[in-house]
Amino acid sequence: MATKTQHFGPSSTFITLFLVLLLHIHYAKSDLKLNYYSESCPRAEEIIKEQVNKLYHKHGNTAVSWIRNLFHDCMVKSCDASILLDKTKEQTSEKTSQRNFGMRNFKYIETIKEALENECPNIVSCADIVALSARDGIVMLGGPQIEMKTGRWDSKDSYLAEVESFIPNHNDSMSLVLSRFNSVGVDTQGTVALLGAHTVGRVHCVNIVHRLYPTVDPTLDPDFANYLKTRCPSPQPDPKAVEYARNDHVNPMVWDNLYYKNIMSNKGLLIVDQQLVSDPTTYPFVEKFASNNSYFNDQFAKSLIILSENNPLSGDQGEIRKVCRHVNK
């Protein structure tokens, strides 16, 4: 019996091409894996850890900078080191956004990059340096060990115009803050956990004085408000001056859950900190984390992994920069 030949019409061809495209997108976006550099640069993660350790012992605040880099990079479109790009005649820079006010120590990312280039030229991305330095910085501060995938590519563009659409402000409503984190796959509990990074580091007086002057925010503990006024004595602080208050003035460089205990006592620096307590959707998680440091660390680690894997670029979309602050020529 003759075999019937099957003919595919235009619609079938379109469906086939569409499925191929979907598969391409899936695999292009799924290149992250543990030990990505095990063959191409076996000591890559060890070198980053060594450099983070050295820099921490010379400049302790670098550990906090690494954590902030990851948040501010990965929240904007992709974890692609776009935050590191300097302003040039041809290129804008996310560093100039008010959302990124106070970020620093970018030059030490180049220190890590130089060490990697000496070992394995043109192999390790700046985006992976951002992710792994944050991971290792957390450990230096006493935080959890986090297994993190690698294989990110670096962006060829800066996204200055998009920064404010992705990174929530410190005085935004809690619903907006939650929606921004939710857009990158982090749920409400995860958002509360990630904000626990405020347990280390400091806040410039520019972002505090509106809670102190002309009248004190009634949600602030009065004694804590008086302390803040000693740190920020002027209602119009100089943005370029070193005027700040510590997020946790008892253990400012120790990773723990004291942040949650502080905000439950109305001792949060930022409006967003206070809103975690006043918002009924977030307060139960504040209570959980305040009472159980291990649970906080577990949830923080899970949420940081989600954020660190936000929308990674594929090879044809990005590059491996030779210098982290500039795109390749």
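Backbone N, Cα and C atoms are what each Cβ position is placed from, and that goes for glycine too.
Disulfide connectivity taken from TrEMBL links CYS120 to one of CYS41, CYS74, CYS79, CYS205, namely CYS41. Around THR199 (Ca(2+) 2 binding site), the same-chain residues six or more apart in sequence whose CB sits under 8 Å from its CB are ASN247, ASP248, VAL254, TRP255, ASP256, ASN257, LEU258, TYR259, listed in sequence order.
In this structure, the disulfide-bonded residues CYS79, CYS120, CYS126, CYS232, CYS324 were compared by how many other Cβ atoms lie within 10 Å of their Cβ, and the smallest count belongs to CYS120. Closest by Cα distance to ASP73 (Ca(2+) 1 binding site), from the recorded positions CYS41, CYS79, CYS120, HIS198, CYS205, is CYS79. Geometry remark: CYS79 (disulfide bond) versus ARG68 (site 'Transition state stabilizer'), CA distance 13 Å.
Cβ packing within 10 Å was compared across the recorded positions CYS41, CYS74, VAL76, CYS205, and the lowest neighbour count falls to CYS41. Within 10 Å of the C-beta of PRO168 (substrate binding site) we count 19 further C-beta atoms, all protein chains included. The Cβ of HIS198 (heme b binding site) has ASN247, ASP248, TYR259, GLY268, LEU269, LEU270, ASP273 as same-chain neighbours under 8 Å, each 6 or more residues away in sequence.
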